[in-house]
C-alpha cells in the first residue's frame, strides 16, 4: 500500500490517492470523519479549528460502501480557502496582488525551504509545510485503522505528559474512554487540570507549549517487518513516520531512553511458553519490537513534540528580500497541538502497520487477507 497527498494549507482542498488496498474493505466516510474530528479537538487549539470542520469525500475507488481494488481517492475541502482566493490564485500574473511573506519565522521551514527552492515569497514554503497537511494523512490513517480493526488490531493515541506535567495514572486499555473524553487526551484528571491551567497561562503570555505523545497497538501478530535488511525494519519505518509529523523532534519505542541508562538484565524481556498462549513475555520493555519485527506484544511508540514555533510575541528574524532585521510574521496558530498530535501519531503509525500486514500476507481481497492472517496465527501458536 502506498499513498501520496497534495494540497496547501489555504488552497481549495487536500487530496490523497491510496493504491494497494484490497477489494471488499467496508469503508464509509464515517469510518474516517471521527478521526478528523479528533485531530481538530484538544485544549489550546487556535481559531482555525472553529473555521474548519473537516469531512472527507470519496472521489474514486469506493462503491456501495466497499473498496473495489482500484486506487482510492480522498478529498478534504478547506473552508478557509474562501478568505484566501486572491492570495492563493494559481493563475499567472497575480503576483502584484499577493501579500508577500518575506520575514522567515524561526523554527519553521521558511528559510531553509526558501533557500532550497529559490522562493522570496515564503508563503510558497509555509503553505505546504503547514501541519494542515496532516489532516489528509490522518484520513489515510483512518483507512488503515479500519483495515487493521478487521485483522484484530486496535490502536489509540494519548498524552502521557505535556507542559511540564506528567500523568500519574499509567495507561491501561480500560482508560481509552476516559482519554477520548479528556480535552488533553490524558489518563490522569489531576494532571489534566494542571495542564489546562498552564495552557491558559501560556496563551495569556503569547507563548506555546510542547509535550510527549504516545500511540499503542494491541492484537498485532509477531513477525511484521524484517531483520534481513535495514529498510524493512519496522521500528525504523515507524520512527520515520513519527518524525514526519511537524514539530516532532524525537522518538522512542517503549521506554527506550529510560532503558539506555540501565543494565541489560533490567531491560530485556524474558521469554515464556504455554500450550494455551504459545510464546509470550511478562514484561514489554522492548515496546513490542525486537530485531525490527513485532513480537506479538503491545506496540508502544512515543514521540517528543516541541512547542509550536509560531509565537504571538515573535522572535527576531531577517527579511529575505531586504536582509533587514524584522519581527517574525504571525500566522494564526495554536498555543499547543499536543493532544491532536497524539491522534496523528496513532493514525500515521497505523499506515505503517497496515503496509506491513499487506506486505506479509498479500491478497487482492479482504477475505483472502483475513484467511491468511488466521492461518498464520494458528501456525504461530503451534510453533
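Yeah, the Cβs are placed from backbone N, Cα and C, and that goes for glycine too.
Among the features that TrEMBL reports, NADP(+) binding site is placed at 39, 45. For 128, 129, 130, 291, 306, 307, 308, 309, 310, 332, the entry in TrEMBL reads FMN binding site.
Counting in whole angstrom, residue 306 (FMN binding site) lies 18 from residue 39 (NADP(+) binding site) by their C-alpha atoms.
Taking CA atoms as the reference points, residue 45 (NADP(+) binding site) and residue 308 (FMN binding site) are 11 Å apart. For the pair residue 39 (NADP(+) binding site) and residue 310 (FMN binding site), the Cα-Cα distance reads 19 Å. Secondary structure at residue 306 (FMN binding site), taken from DSSP and collapsed to helix, strand or coil, is coil. Just so you know, the Cβ of residue 130 (FMN binding site) picks up 18 other Cβ atoms within 10 Å once every protein chain is counted. According to DSSP, residue 128 (FMN binding site) is assigned to a helical segment.
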